[in-house]
Every structure is written in C-alpha cells, then in structure tokens.
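Chemist: Below are the structure tokens for one structure; questions will follow.
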Amino acid sequence: MSVIQSEAEVYDIIEVLGKGTFGEVTKCWKRNTGEMVAIKILKNDAYRSRIIKNELKLLKALAGINADESHIIKFYESFDDELKFYLVFELLEQNLFEYQKESNFAPLPVRHIRIITAQVLKALSKLKELSIIHADLKPENIMIVDQTKFPFRVKVIDFGSASIFSEVRYVKEPYIQSRFYRSPEILLGLPFCEKVDMWSLGCVMAELHLGWPLYPGNNEYDQIRYVCETQGMPKAHLLNAATKAPLFFKQVSRHHCTQHWQLKSAADYQSETGVQPLERRKFVLKSLDQIETVNITKTVFPDDEVMAEFYDLKNMVELMKRMLTLDSHERINPNSALKHPFITTQQLKINYEHTKYYQQSAQGLQVALKYNRRVDEEKPFYHMFDNPYFQSNVYFDSDQVQNIPNLANVQRTISKMDDLSIEEPRRDVGINLWSEGAGIAGYQPSTSMEPSYHWPRHRHGHHKEPVLAYHGSRYGTKCRKAPRHSKSDPTFGNLIVLGQQSPED
C-alpha cells in the first residue's frame, strides 16, 4: 500500500478514484483520525502550478465558512514535493453526471431537482457574499455527499477556474465555463458578473429533468444557435455591445435603411469558418415552456397527486426561465432564487398541502438542508423567508385544482427582488467547526428515479410538444471540459466591478 505524507499527516492510498490529464484523485485513509479523504494529486510543472496556486487562493478564501451549511466541499490541507502537488479534501460519493449515468440518464423527479437546486443556490449565495465566481458549474462539479444517509445532499467542488472579483485584471473576451453551460455574455463577449453561474445552474436543472443537456453545442455557433432557436434573439442593445456578435450574427437592412441583427445561417457559418454545424439536441424546444411537456405520461383524469407535481413542474420551469434570461441584468441572483416559490414550496403548500407529494417534497428539502438537528424540531424551510408576496397573493383552494394558478405574478415579484450587481465581499468570515450531519430517525425519502406525475391532456394545449431530434447515445454528447487556457489564466476580465454599474444600467 502506497503512502502519502505531509508535515502533519500520513495517508495510506486505498484506491484511485479517477485519472485525467491533470493527474489523479485517490481515496486515502488518514492514519491520525481514521477518516477517509480524497487527495487530488497533480503534476508539479509550470502550467499546473498556476492553476493550483489559483485554486489554493480560492480555497483559502473559503477557509472560514461552514462548508456543510454552505454546501461547498471541505478542504483540509495542501503540500507538495519535487514532482507533485497534493490537495486534500473530504471524501464525497459521486458527481451528478455519474449518478445520471448509473441510472441510464433517466429524468430526475421534480422534487429531487428542487433539493439539489436549493443546495447549489446556497453555495452560490455564499460565493457571492465572498465575491467569488465559480465559472465552471456543471453536473460533474456538483457532488452527492452520501446518498444512503442523506438523499440528494450535494456540495459544489472544483475551484480551479474560479476567481475573486477584487483581484481580477481586465482581459478582453474571457473564455470560461464548459460549453454546454456557458452563458450568453461569455459567448457574445459582454460584461459579466456572478450571474454566469446562475445560467449554468439553469442548464443543469433542465438537464436533470430532460436526461440530456439542454444546449449540447458542438461549437460556440451551435451553442448560440440552440439558445436563439429556443429563447429567441438577444436584444439589439446586447448585440450592439457584444464584441463577438459578428462571429455569429449579421446585420441586415430593413425598410428605410434601418438595420437589425440576424443569426447567420448554418451554411453561412460553415462557408466562413469551415466548421460544420451539427444537431446534437435530443429535444428541439421552441420555448422553455415546452420543458413542461417532456418526460411525462399523459392522462385524461389527473388526481390531486398528479396535479400537485405538475404544478410543481410549472414553478420549476418559471425559475429556470429566470435563470436562463439572456440579459444578465434581468437574470435572477442566488439570494432571490432562494426566495422563489419553487424553492420555498410555499405555494405548493397552500394549494396541495393535503397531498403525499407535498409532504415528500417538504421533508426531503428539510433533510438535505439541516445539520445535526431533527427535522421535526425545525420550522419548515419556507418559513426562512418572510416575503409579503406570499401573504398578498390570491390562491385557489384544493377543490379548484383544475384551475392551476397563474404564475405571471411570480415572475413580477421575483423581478422586484433582484439586485443587479454583486455586493462587497465580507472581509471577516468567522471560523466555524462542523461535523457530519446525523441521520433523521424514521425518515427515508424516496430516491426513485420514476416521476409520479402524468400529463393532463386538456392542459396548456398551446405548448406544443418539442421535436425529438436525436436518437443516439447520450454518452457521445459530453463536451464538458472548461477551456484549457481559462485554467492557465484564471484572472479574466469584463467583470462588473464591485460598487459600479455595468454599461447597460
């Protein structure tokens, strides 16, 4: 058995968990405590040295947080020798992509997507508080802690591409984020802020529901094309300010010699670049609302359980639409998203409290978000947020479930809650001690991959079902790696500087 030794600890290597061009991750036994840990072993060369120093800088900035309550991986120590760097982390179970793969990419039920989303939002909220952008949020970087003890409890990992805003130098046209999860402002070369991570999270939510990436572009043109075909063109003022707009769009004349932007055709793009656009989507969506029609079983007479989950699905899509807003200034931020009705379950409680679906949803969320405390001793999660919206709005009684409440007010309310720029980082972060959460006696949330809802045929006929476009294997679609040179130069620009408004404000 091989041994790794730092100045303070001795680790016995149990097994290699994964290998890559960066090095490898090993499962190790910490002799001093008997604890199992994960050690990332990286080659000690000039290229990787810059990456590691950046990650260490970010990990040190996170050193004072409560990693459990913030849903961010615990970092223990780092050390090096002449050949290698060693980063020691807590041992987690598996990432979301691996979890999906084991289940043959079956769609995840809506209530489980909420549990995951709420935790990632808490992580992003903490990062925003510290003025940190993650810049590579994707299923591979969201890890399940222990699916048996704490179903769908997750943590955010990998800060190799992250950056502290106050230390960012101005660099034109940054190239960050894995392509499937890359925000429009990065694709187009616009000023950006922490909300690039919110776009990525919206893509992850959609992927968990679809069992397939929402926008699996083979190149940046395909990525932009997919977004435009589903969500429409970016507003003219965004394209006018975008440094990369001419790569994907062209200006055409209208009446009276006025010009407007138009997406280049696939043929035009191929003739200019020699790159052939490809179709790799499983579903061709004409709007994000069509996500409501995917992976559900149709039924003529839905019962309350069915309607509760369908209502929950609608709330989820509304939140996703706020995360996937093309203009980052209109995109929801982490703190506001935590107050969204999909996350708080407040509206679900008001309309469907009597259903088993609601009870499972509320309990599952509480188990994932509470540490070292019994669920029955806590207030429900939605009581964490006192919002006048929830007292002033009008809701339907349970006997009116056939008339699903209009969600337009939700969007208007969340819009008012948004702030558009990141706050000053908190300089003094108290050091907290944490421990593994205790299991909740007598409660085991369902981890079934089977959704229970069925589609009511008479509902929302105007949302036509998306076109099934790709029948190949999911395994061949994964182009998920962050751009190589973004890892080598983590100080990227075009950020909205702290305390300032962006050019569009």
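Any Cβ shown, glycine's included, is placed from N, Cα and C.
What you are looking at is a predicted structure, and each value in this text was computed from that prediction instead of being measured.
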Chemist: For the feature region 'Disordered' as recorded in TrEMBL, pick the matching range from 458-481, 482-505.
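Modeler: Checked against TrEMBL: region 'Disordered' maps to 482-505.
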Chemist: Please list, in sequence order, the residues in the chain of LYS40 (ATP binding site) that are at least six apart in sequence and whose C-beta is under 8 Å away from its C-beta.
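Modeler: When sequence neighbours closer than 6 are ignored, LYS40 (ATP binding site) has GLY23, GLU24, VAL25, TYR86, LEU87, PHE89 within Cβ distance under 8 Å.
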Chemist: In the predicted model, what is the mean pLDDT computed over the domain 'Protein kinase' (11-343)?
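Modeler: 93, rounded to a whole number.
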